């Protein structure tokens, strides 16, 4: 279980990223699950929330609250955020991405004049190596096994998992000739400065640079696809 101290440390680390992201044209919003301000933004969100179990409802509402804070910080229209399929649909003129973990929700938002798609992922709990085959390709597993220790291998697994989650969200928001990926194993990664480069394995699509940042005991990853 994530301790209060670990959660607070993660929140501090995420807040410290605001200036770095703002310099790149991205606005960050944060919210805590269960905070009084995390309320439905309209009737559609209210109906969606009513059909969820309590834990999922708190995460959903915190994510929407974080997204509206990001939109407001970017001086973009603020409204309720329904789904298109499984993806959040932000107000016209904006692009965004939402993630939550360990009672924290984070969102990035920007104008669609500057970016085609965003993806982010927050992971505050580790993954056991037994889950590696669900996330990593055979080549990635071999690379991670070469780490200096089992703990380092599990840390690399968490980083790659998060990087793939961010890339997955961005790819799903992009029009793709071969269709969007349906699983993380359809995405490959290679180490790059401050993160990874993600690529689709068997279909066309642009390579994505995914930044991976430390967030308390976990990681936060993000990617942004510039507009043409």
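Glycine residues also receive a Cβ, built from the backbone N, Cα and C atoms like all the rest.
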| field | Residue among 56, 155 sharing the CoA site, where TrEMBL lists 64, 99, 100, 121, 165, 169 as binders | value | 56
| Averaged over the domain '4'-phosphopantetheinyl transferase' (118-173), what pLDDT does the prediction give? | 96
| request: Report the same-chain neighbours of residue 123 (Mg(2+) binding site): residues 6+ apart in sequence with Cβ closer than 8 Å to its Cβ, ordered by sequence. | output: 101, 158, 161, 162, 165, 218, 219, 220
| task | Please name the residue among the binding-site residues 121, 165 whose C-beta has the most neighbouring C-beta atoms within 10 angstroms. | result | 121
